[in-house]
Amino acid sequence: MALHTVLIILSLLPMLEAQNPEHANFTIGEPITNETLSWLSDKWFFMGAAFRKLEYRQAIQTMQSEFFYLTTNLINDTIELRESQTIGDQCVYNSTHLGFQRENGTFSKYEGGVETFAHLIVLRKHGAFMLAFDLKDEKKRGLSLYAKRPDITPELREVFQKAVTHVGMDESEIIFVDWKKDRCGQQEKKQLELGKETKKDPEEGQA
């Protein structure tokens, strides 16, 4: 996200308008269905963003990479967010819960007693989604991009670049993540391997 983290950005978000970046016209976010929620329940990689708002831009510049897991709860209409962010040579972990409103297609989060919202923009055929920020405010507008793979395809890059220019920003304002600087992925891989070894040991002892 970046998002100073997905968390920080959602905590700052006002009510937003979303667009379909693959078409010329703007539309209000589509309703969130169970199918969409199931699709969102996955591992996501922050790919890049273009922000006019200073807090958001500074957050991206201090972050080398970010990935996170979304786990939806259809009973409570909440989403568990578990986030891993590389800042410098350190890996920072965060977790929280997000709400969502099915009818207007928004995420929500309570922060400091205030509920804030973000419209979801799904790019399903690209395995990606976007969040839009203050599109009507020239000084605060922004777009961020997330995908299911860390390697952005030329087609998805072009879609995002066109979306950025369509909302009145310039391609030069886009900051893409350099996944070669990621540290959290390496740590996660080691933890998974350690977990597998831990499971093997008791079985070997019983053999």
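Glycine residues also receive a Cβ, built from the backbone N, Cα and C atoms like all the rest.
The DSSP secondary structure for Cys184 (disulfide bond) is helix. The Cβ of Cys184 (disulfide bond) lies under 8 Å from the Cβ of Ser65, Glu66, Phe67, Ser84, Gln85, Thr86, Cys91, Tyr93, each on the same chain and at least six residues away in sequence. The disulfide bond annotation in Swiss-Prot covers Cys91-Cys184 and rests on similarity to another entry.
Residues or ranges marked as N-linked glycosylation site in Swiss-Prot: Asn25 (among others).
Sequence-distant neighbours of Asn34 (N-linked glycosylation site) (same chain, 6+ apart, CB under 8 A from its CB) are Leu74. If you look up Swiss-Prot, you'll see Asn34 (among others) marked as N-linked glycosylation site.
As annotated by Swiss-Prot, N-linked glycosylation site applies to Asn76 (among others), with the evidence given as experimental evidence. The Cβ of Asn76 (N-linked glycosylation site) lies under 8 Å from no Cβ of any same-chain residue at least six residues away in sequence.
Taken residue by residue with DSSP, Asn94 (N-linked glycosylation site) is part of a strand. If you look up Swiss-Prot, you'll see Asn94 (among others) marked as N-linked glycosylation site.
The feature N-linked glycosylation site is assigned by Swiss-Prot to Asn104 (among others).
Per Swiss-Prot, pyrrolidone carboxylic acid is recorded for Gln19.
Residues annotated as signal peptide in Swiss-Prot: 1-18.
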Asn94 (N-linked glycosylation site), number of other Cβ atoms within 10 Å: 15
